[in-house]
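Read through the structure below, which is laid out as C-alpha cells, and then see the notes.
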Amino acid sequence: MGGNYGSSGGGGYNKTAGTYGSSGGGGYKETAPTYGSGGGYNEANQVTGMGSDLGGTDYRKEEKHHKHLEELGELGATAAGAYALHEKHRAENDPDHARRHRMEEEIGAAAAVGGGGYAFHEHHEKKETEREEEEAHGRKHHHLF
C-alpha cells in the first residue's frame with residue numbers, strides 16, 4: 001500500500017506541489033502569503049494596519065505584553081511569599097533543622113521582594129507604553145489641576 005513518504009499524489013509537504021486547494025495533492029507554498037489592505041504582513045514582512053502607527057510600533061501588543069509580565073511578577077511574588085511562610089512554619093515545627101528552614105524562609109522572602117519589584121517595574125513599563133501611544137496619536141494630557 002502507499003508509496004514512500006513525499007511521493008507524488010499524496011498530501012503533505014511537497015515543494016513542487018501547488019498551494020492548498022490546487023490539483024496535485026496539496027502541500028505547502030514556498031513563499032509566505034501576502035495579505036490585502038486589511039492588515040497582516042506585506043512581502044517585506046512589515047506590519048501593516050491593525051494597530052500599528054507610522055513608526056511601526058504596535059502599542060496595544062506592547063501594553064498587553066507588559067501587563068502579562070506584570071501579572072507573572074505578581075504570581076511569582078505570591079508563590080515565593082507562600083514558600084517563605086511554609087518554611088517559617090517548618091522552622092517552628094522542626095527544631096532539629098530550624099536553621100536550614102530559617103535560611104530557606106529568608107530566601108523565599110527575598111524572592112518575593114524580587115517578584116514584587118519586577119511586577120512594579122513592568123507596571124511602569126506598561127504605563128510608559130500607554131503614554132507613548134497617547135503622544136503618538138496626538139492625545140496629550142495637559143494637567144490643568
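Any Cβ shown, glycine's included, is placed from N, Cα and C.
Annotated features, as they stand in TrEMBL:
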- 1-65: region 'Disordered' (REGION)
- 1-13: compositional bias 'Gly residues' (COMPBIAS)
- 80-145: region 'Disordered' (REGION)
- 85-105: compositional bias 'Basic and acidic residues' (COMPBIAS)
- 120-137: compositional bias 'Basic and acidic residues' (COMPBIAS)
DSSP-derived helix, strand and coil totals, residue by residue, for the compositional bias 'Basic and acidic residues' (120-137): 17 helix, 0 strand, 1 coil
Structural state census, the region 'Disordered' (80-145) (DSSP three-state): 56 helix, 0 strand, 10 coil
